[in-house]
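All remarks here apply to the structure that follows.
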Amino acid sequence: MKRRSLFLNFAAAGGFLFLYAPIIALIIYSFNKSKLVTVWGGWSLKWYGELFQNEQIINAALLSFKIAFISASLAVVLGTMAGFVLSRYGPFRGKMILSGWITAPLVMPEVITGLSLLLLFVAMEGLFGWPSGRGTSTIIIAHTTFCMAYVAVVVQARLASMDETLEEAAMDLGAKPSSLFFLVTLPLIAPAIISGWLLSFTLSLDDLVIASFVSGPGNSTLPMVIFSKVRLGVTPEVNALATIMIAIVAIGVIAAMYQMRRQARLLAKPE
Amino acid sequence: MSISTGSAWVDGSSALMKRYNIFRSINWGKAAVVAVPGLWLAIFFFIPFLVVFKISLSETAIAVPPYTSLLEWDLEEAYVTFKMNLGNYLYLIEDAFYLDAYLSSIKIAGVSTFFALIVAFPIAYLIARSEGSTRGLLLALVILPFWTSFLLRVYAWMGFLKKNGIVNEFLLSTGLIDQPLTMLQTDFAVYIGIVYTYLPFMVLPLYSALEKMDVTLLEAAEDLGCPPVKGFFLITLPQVIPGIIAGCMLVFIPAVGEFVIPALLGGSDTLMIGRVLWDEFFLNRDWPMASAVAIVMLVVLVLPIMLIRNGQGKSEEAI
């Protein structure tokens, strides 16, 4: 028994090392003074300075944040509606189709989603003259479409695991459907909506393939700029950028965990 | 409306209310709530596939957009010609390159999924068997990389695996090798990249299956003299098979169509269908051919996966 758990701990430690070694190496090398990425030339913040002077990267980052914010917000509205419909409406005509359309983007290869949306936009431009050219708005539409599927799944899972008696009570007490939703259901599923928004924001911020298909000239998002840079090899500026992004995410996740733990402790307290 | 005059009254009024709602206000509101996401998905998810199918039947042309139209109008002669070109699909069958790319994608995704399972299992097991706050911490350690950029995590391996990278430096300094190994731009690097980026998807379902497992069965077997290895294969493994299947699907599905990992870590001979589609579109500018590749990918790879998932969902509901 003892020996087996030792082997297991060893294998698991190897797994965690595998998960973190490349990230840690990348962080350390972002502080490397030398331009040769693998030769250690002492500690320096030089590449961070260069990063903040690189207008191409800064502009791309701003564009990506804008797209991610708008797409995540739209995806939350549409995804919540879809998730709510699928779990609270009972059977209705077209339910199978809707639930198929909701889960399909989750298994669809990104190259197919990207290509099909681009061809749609081109065809629509030919037919209606909209969207004229491709750019920020087409990327937002594309991101909203695949993010809303994730939101719908998260919201649906939350609604399925939730106690329905509160909603039934409100209904029996005469709440209108709209106030039932906004005053009772919405506050109850708020955690799922928040995590759906964060997930959408992250996915949108990270998307390279779909954005490459549906963006136009002069509308490069951050992943597109990073990809064109790293395709040619490792660059110290991207190391610095990666370190900043990892730090932001790590702080966010740790803060969220701390908050959740505090809430759990408050709830666990006897009255 | 007063509802404070006794329970009979409450029941009566709420039934009335429900009926009122169903016939007057809900239906329109309800229809709108269904229609908005439904229409969005119809326009931006479903119709695009019809467009892709249509363009896969056209021919590439030097024009904007770069393909021919299926319908041609001749106003003077007053007839319409409909031309359907199956050449792209024929070419897909004739040229062994495309079949190789499909098979190679399935092989690479399959092998990576297997290794992801091997790496993920001990991690999931350790998490499921640890207590309270340690468990939370370990889970967070698995999930944290998932929230960081996918592209940057793939990029991190470029610095790790290249010729004068950290792995080679380390192996050289220990004297295990005396020539740096070529690891970047090989299939090996693609396997590592897929296992690495999709590991959380494997760990989480395994963990939830292991957590639900009945440990007393294992203890009973041990008391009866069952050796640990045998106990693992006869008792633990059968109980976590649903978790294994779920994890394998979550890794295999996105890995098959992967573009970024073979593009950054793979060599020029690493054949994956997602990359072929990308090159067909961005390098050759052959939109009809890229569309045909997409349609075949959809029919051969995506539809079976969706049907399996659907079947699984139904059988789970039945249980």
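Glycine residues also receive a Cβ, built from the backbone N, Cα and C atoms like all the rest.
Positions annotated as domain 'ABC transmembrane type-1' by TrEMBL: A:61-259.
Summarising the annotation, TrEMBL assigns transmembrane segment to A:7-31 (among others). Distant neighbours of the transmembrane segment (A:7-31): 37-38, 43-45, 47-48, 236, 239-240, 242-243, 246; these residues of the same chain sit at least 6 beyond its ends, with a Cβ under 8 Å from one of its Cβ atoms.
The transmembrane segment feature in TrEMBL is assigned to A:57-86 (among others). Outside the transmembrane segment (A:57-86) by six or more residues, the chain places 51, 95, 98-99, 102, 136, 139-140, 143-144, 147-156, 158-159, 181, 185, 189, 193, 196-198, 200-202, 204-205, 211, 219-225, 237, 241 with a CB less than 8 A from a CB of the stretch.
Outside the transmembrane segment (A:98-124) by six or more residues, the chain places 82-83, 85-86, 130-131, 134, 138, 141-142, 145-146, 148-150, 152-153, 207, 209-214 with a CB less than 8 A from a CB of the stretch. If you look up TrEMBL, you'll see A:98-124 (among others) marked as transmembrane segment.
Annotation comment: TrEMBL describes A:136-159 (among others) as transmembrane segment.
For the transmembrane segment (A:180-199), the list of distant contacts is 72-73, 75-76, 79-80, 84, 88, 147, 150-151, 154-155, 157-159, 162, 166-167, 170-171: same-chain residues at least six beyond its ends, Cβ to Cβ under 8 Å. Residues or ranges marked as transmembrane segment by TrEMBL: A:180-199 (among others).
As annotated by TrEMBL, transmembrane segment applies to A:238-258 (among others). Within the chain, the transmembrane segment (A:238-258) has long-range Cβ neighbours (under 8 A, six or more residues past its boundaries) at 23, 26-27, 29-30, 32, 37, 47-48, 50-51, 57, 226, 229-230.
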